[in-house]
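Listed in TrEMBL:
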- 52-71: transmembrane segment (TRANSMEM)
- 80-102: transmembrane segment (TRANSMEM)
- 114-141: transmembrane segment (TRANSMEM)
- 162-179: transmembrane segment (TRANSMEM)
- 199-218: transmembrane segment (TRANSMEM)
- 239-269: domain '4Fe-4S ferredoxin-type' (DOMAIN)
- 273-294: domain '4Fe-4S ferredoxin-type' (DOMAIN)
Amino acid sequence: MKNMRRFFLIALVIFFAFMLFADSFPSDLEFNIPGNQQQSQVQKPSYWRHDLLWKTLAVGSLSAIGIWISLRKAFKYRKILIIVSIAILGFLFGGVLCPISTVQNVLFKYETAYLLMFLIPIVVSLIFGRVYCGYVCPFGGMQDLLYINKYSKKVPDKADKLFKYLKYIILAIAVIAALSTGRVYSDLTPFKSLFTFDLAVTGIIITVVFAILSIFIYRPFCKYFCPYGALMAIASKFSIFKVKKNDSCVDCNLCLKKCPMNAMEAPGKISGECIVCGECCHACPKNSLTIKSGGD
């Protein structure tokens, strides 16, 4: 409880800091090529200031709610928060934060405000695990809602472990491509065309493909392709709060079987793939699992 109070006090301070320095916020161009920044600012002189400010506040506020849900083990509210996040970050704000363009744009936009928005999910992952991925990201949320358990197709364990390295390779490619070409390749992100109502053929095809895959495979883009998720997976390995077991655990391994991300290495031992969805906690017949800080 003390940690929760500290967190919300920090969040409150950050909120007032945003309001105080709102005039310094640059325009947000997740889906634009960096070379067009000056033109976009000229076209929207009265709107750009509020654009990134409210997006950053939305990301921070929704993440704070996700943290509260995970620490309180109130997982029944997770899907509700996902729907709210899709509505706000997805359709209202046009897909924030785009998993591919965000890791590229931050290389060009070193302004404090954009960097802060980029870092919020990373810092959250470093402290509380991948709460942003599991509760807030609209791109992951779409996959989560499309998944139908009775049609689930299990990816073989060896292939699953191998495919999970793809997102780290894609992260490296995205960074190299942005630095070498000066372009941001947001049209390769699933569901981007849906959130922005973009009729580009490439975006539509990618969205349809991953929408179909999501019915049968739990969060395929998140598991195997998301470069932003790769950064958070690295950060979450050092997170303070993790899924841990108590002495009542009987090693039935139900938590391993129920984990949709295949993130459980052993009861109470998770990898960076964990998105804090709570399925392991819900499956445990002894209520042996909880999310807490400190040792086992």
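Glycine residues also receive a Cβ, built from the backbone N, Cα and C atoms like all the rest.
Because TrEMBL annotations are produced automatically, they should be read as predictions rather than curated entries.
Worth saying up front: this structure is predicted, and the values here are computed from it rather than measured.
For the domain '4Fe-4S ferredoxin-type' (239-269), the mean pLDDT of the prediction comes to 89. Residues 26, 28, 52, 55-56, 59-60, 62-63, 65-67, 69-71, 78, 81-83, 85-86, 89-90, 95-99, 102, 105-106, 189-192, 195, 219, 221-222, 226, 228-229, 231-233, 235-236, 238-243, 272, 274-277, 291 of the same chain sit 6 or more residues outside the transmembrane segment (114-141) yet have a Cβ under 8 Å from a Cβ within it. The domain '4Fe-4S ferredoxin-type' (273-294): residue composition by secondary structure is 5 helix, 4 strand, 13 coil, according to DSSP.
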